[in-house]
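Shown next, in structure tokens, is the structure this report addresses.
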Amino acid sequence: NPCFCILRVVKFRRTGESSRSDEDVISGEHEIQIEGVQTELEPIELEDGAAVPKEFANPTDDTFMVEDAVEAIGFGKFQWKLSVITGLAWANAMEMMILSILAPQLHCEWRLPSWQVALLTSVVFVGMMSSSTLWGNISDQYGRKTGLKISVLWTLYYGILSGFAPVYTWILVLRGLVGFGIGGVPQSVTLYAEFLPMKARAKCILLIEVFWAIGTVFEVLLAVLVMPTLGWRWLLILSALPLLLFAVLCFWLPESARYDVLSGNQEKAIATLKRIATENGAPMPLGKLIISRQEDRGKMKDLFTPHFRWTTLLLWFIWFSNAFSYYGLVLLTTEFFQAGDVCSISSRRKEVKAKCSLTCEYLTEEDYTDLLWTTLSEFPGVLVTLWIIDRIGRKKTMALSFFVFSFCSLLLFLCVGRNVLTVLLFIARAFISGGFQAAYVYTPEVYPTATRALGLGTCSGMARVGALITPFIAQVMLESSVYLTLVVYSGCCLLAAVASCFLPIETKGRGLQESSHREWGQEMVGRGSHSPGVTRSNSGSQE
């Protein structure tokens, strides 16, 4: 009687690429007998956070996709370097935070009326709004690295030039051009996400957002040191240093292997994957890399196909609500702190309105301290989001963030004291910033490589629309009714929480889709448990 033994092999499945069902496999229909050896195809489920074991790097097929390679190579030295470099791009928050410092300084130095001071902030958001979709299109058409390099060098050039602006008109134009460049910086998340294995993607993108908070804190500290001695011109020049460092290191960045595959550049994609495998000390998958060339990349119509139409529209509203509420809270925080409590805000606004618009008030040390403390609230937001996003999923994380912000806004209806007010504002900002970060995780995951940069770019553009509108609520409407203002923010976030729940796709535990011509979703499937005695086999199939 021949002796039969059962060998377990790892099986990869790509959703939508095979009509064979798991039930067929389980029923034994595809079992293979080879010279007394019974090979049973059985899925192996990896533990949470575990990379594909090196000995199982594509063991059962002679072809593989970029997704397989990224999972097999795992997270290592290359991704650590990429994290730091991408973080430097996100430190461009300094260019945003500087608006809070530059506006009152120019108001005093150049005797600008209030509307001209407000225009300095608005023109940056106009630049970002008008360019976000363009940078996304460039990144999808010509490569993530290309779009990112151009946008960073653009921002760096006009950021430094801003320090030499002789008159108000010049600085208005130059800051608008800076905003145009900043609109492309979020594409660093697109490039970054495409190099990350599935289990590490959410955590890494969230931790990159820490650099945004670090950038804002560093800007405040830099202002404390530079403004009293060197003035605002040097502050503008020195604030561009992180982008200068990123521009130099950007030449080390490889192009996304996913983009290279989609553009038909197989040799370049393989070279990039080999480079990552070498740096991480991991083996390359066996076999030939599958190319899925797609010429029509970065097309707006692809965002509105039947499969993505609702996702796009809901995400636009979610991003709009995020920026609308986030920047609105930043503006309201200053008003509430200066008034002492919510109930005193209306009387204070009338007093301020009665003053001459040229009344000059420089920022004091106490003002810088308040800016610093409110900015620090974003760190707890990162930690909370980091803890829940892989537990409850992306959609529920965004919904929870919006709901907590909405609840805190309603609590501000009470005439609470300064201490309770500070706590409520701290919690609200922590959660709305966490919701923003969750959106940055979800958006690159839900769109295919062919439209990923464009999808992120259009969402970022909608966020800038929210940022443009919010001053009319947080400042103009506040003069009429503080309660109506709070209702608008609370209601908007409540609707955004519902929109988050209605998103058609949950991306938790899913791979990144390569081509928009395929069904959404690639994933590693498994139900069995990984046992120590697993034997590698060269026979098998890929579903």
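Even glycines carry a Cβ here, placed using N, Cα and C.
Listed in TrEMBL for this protein:
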COMPBIAS  532-543  compositional bias 'Polar residues'
DOMAIN    81-508  domain 'Major facilitator superfamily (MFS) profile'
REGION    514-543  region 'Disordered'
TRANSMEM  82-103  transmembrane segment
TRANSMEM  115-138  transmembrane segment
TRANSMEM  150-171  transmembrane segment
TRANSMEM  205-226  transmembrane segment
TRANSMEM  232-253  transmembrane segment
TRANSMEM  307-327  transmembrane segment
TRANSMEM  397-414  transmembrane segment
TRANSMEM  420-442  transmembrane segment
TRANSMEM  454-474  transmembrane segment
TRANSMEM  486-505  transmembrane segment
Averaged over the domain 'Major facilitator superfamily (MFS) profile' (81-508), the pLDDT of the predicted model comes to 81
The answer for the transmembrane segment (486-505), taking Cβ pairs under 8 Å and residues 6+ beyond its ends, is 310-311, 314-315, 317-318, 321-322, 324-325, 328-329, 395-396, 398-400, 402-403, 405-407, 409-410, 412-413, 432, 435, 442, 446, 473, 477, 520
Below 8 angstroms Cβ to Cβ, which residues of this chain, lying six or more residues outside the transmembrane segment (115-138), approach it? 95-96, 99, 102-104, 106-107, 146-147, 150-151, 168, 171-172, 175-184, 186-187, 298, 300, 357, 453-458, 460-461, 464-465, 467-468, 471
What parts of the chain pack near the transmembrane segment (307-327), using Cβ distances under 8 Å and only residues at least 6 beyond its ends? 398, 402, 405, 429, 432-433, 435-436, 439, 442-443, 446-447, 455, 458-460, 462-467, 469-471, 473-474, 489, 492-493, 495-496, 499-500, 502-505, 520
When only pairs 6 or more apart in sequence are counted, do the transmembrane segment (420-442) and the transmembrane segment (232-253) reach 3 or more Cβ pairs under 8 Å? no
When counting Cβ pairs under 8 Å to the transmembrane segment (150-171), the leader among 205-226, 232-253, 397-414, 454-474: 232-253
Looking at 232-253, 397-414, 454-474, which one has the highest count of Cβ pairs under 8 angstroms to the transmembrane segment (205-226)? 232-253
State the non-local partners of the transmembrane segment (232-253) in its own chain: residues 6+ outside its ends, Cβ under 8 Å from one of its Cβ atoms. 81-82, 85, 88-89, 91-92, 94-95, 98, 101-102, 105-106, 109, 145, 148-149, 152-153, 155-156, 159-160, 162-164, 191, 215, 219, 222-223, 226
